[in-house]
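S.K.: I have a structure I would like to understand better, so I am pasting it below and will then ask my questions one at a time.
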Amino acid sequence: MVKTNISKNSPKEATVPELDWPFKLIKSHLETRKLETENVWIACFEPKYASKVTQYVKQIRSKQKESLLHCNRLRRIQDENGSLELQIIICPEKSMTANEIGKDFEDLGIVSKMIFLYAVPAFPPLTDEQFHEWNSVWPVSYRKHVQRQDVFTVHELKRIESILEDLINAAGASHKHGEIGCAAAIYDPTTDTVLAVSVDERSKLKNPINHCVMNAINLVAKRELSRRQNRTDGSKDRYLCKDLTVVMTHEPCVMCSMGLLHSRIRRLIYCKKQPLTGGIESLYGIHWRAELNHRYLAYSGWNKPVPSIKENIHV
């Protein structure tokens, strides 16, 4: 059960700390990758040359890599004698040689203590953990993605739990009739309304794409079409499943994960992962890929007695 002894506010509006959520945020492969580095030329010099060196770096901007802009250009350190010295990223290793940089410095009247290769983080950090580790290698900029910050109220978690229990019952009943024992619901937290509930119907309809998620998305579309055709007020049209929450018994397959992405959902919550066919916790990580034009939050691991499904089944 969801914990309710949480906040100073009323139980309904109280926010639940993330540590008390009954599920865990699924991080993308980019958020869990280990430190990867790229070699760059670093120049070490006294602070009095800072203006000339930074101007020089600007002049050779064509030799820079935009992919390294997350690395702070300059860092301050103390030498063996306790004196302040500056270190600056000149350019990637392949762009110039140390001799070329040294010759340019000599022409500009810059005295460098040392020009050396150094491995800096190759990618920007996406999590607190990555930031703390990578920033110790070389200072990097980090801005927590606003879409990664989520809030659940006690009422909302209880409501989602109730929806999930109904889904488990529906999936179990469907399984007894020869279908794959999984189910999905689409929920609007802003109106506290369940817009669609569906089970898998591949066997019943003799159609391999009638997965529970695709059926639920279709029901939302039909509901919205009917509302538009019969409305008498000036209410706005809903764009697909924008900002909605999807609750499932099992991890969706790649097709359904993409269907949810195209439908512009805000978040997905499910109990059990499908390690061989899932589109979320696999390397696909479809819910949060930088190269796609939409991303949604995904949570899993809610310990509920969902029907058992073979690992090679595409949910």
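Cβ coordinates come from backbone N, Cα and C, glycine included.
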S.K.: For the Zn(2+) site that Swiss-Prot assigns to Cys253, Cys256, which of His211, His287, His294 is also named?
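M.R.: Checking His211, His287, His294 against Swiss-Prot: the Zn(2+) site match is His211.
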S.K.: To which of the binding-site residues Cys253, Cys256 does the lowest count of other Cβ atoms within 10 Å belong?
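M.R.: Minimum Cβ neighbour count within 10 Å, taken over the binding-site residues Cys253, Cys256, occurs at Cys253.
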S.K.: On the 0 to 100 pLDDT scale, where does the domain 'CMP/dCMP-type deaminase' (158-299) sit on average?
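M.R.: The predicted confidence over the domain 'CMP/dCMP-type deaminase' (158-299), as a mean pLDDT, is 93.
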S.K.: Per DSSP, what is the residue tally for the domain 'CMP/dCMP-type deaminase' (158-299) in helix, strand and coil?
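M.R.: Output for the domain 'CMP/dCMP-type deaminase' (158-299) reads 54 helix, 30 strand, 58 coil.
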S.K.: Suppose the Zn(2+) site is His211, Cys253, Cys256. Which further residues of the same chain have a Cβ inside 8 angstroms of that site's Cβ centroid?
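M.R.: Neighbours within 8 Å of the Cβ centroid, excluding His211, Cys253, Cys256: Cys212, Val213, Met214, Pro252, Val254, Met255, Ser257, Gly259, Gly279, His314, Val315.
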S.K.: Return the residues near His211 (Zn(2+) binding site) by Cβ distance under 8 Å, restricted to its own chain and a separation of at least 6 in sequence.
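M.R.: Those within reach of His211 (Zn(2+) binding site), by Cβ under 8 Å and sequence separation of 6 or more, are Asp200, Arg202, Pro252, Cys253, Met255, Cys256, His314, Val315.
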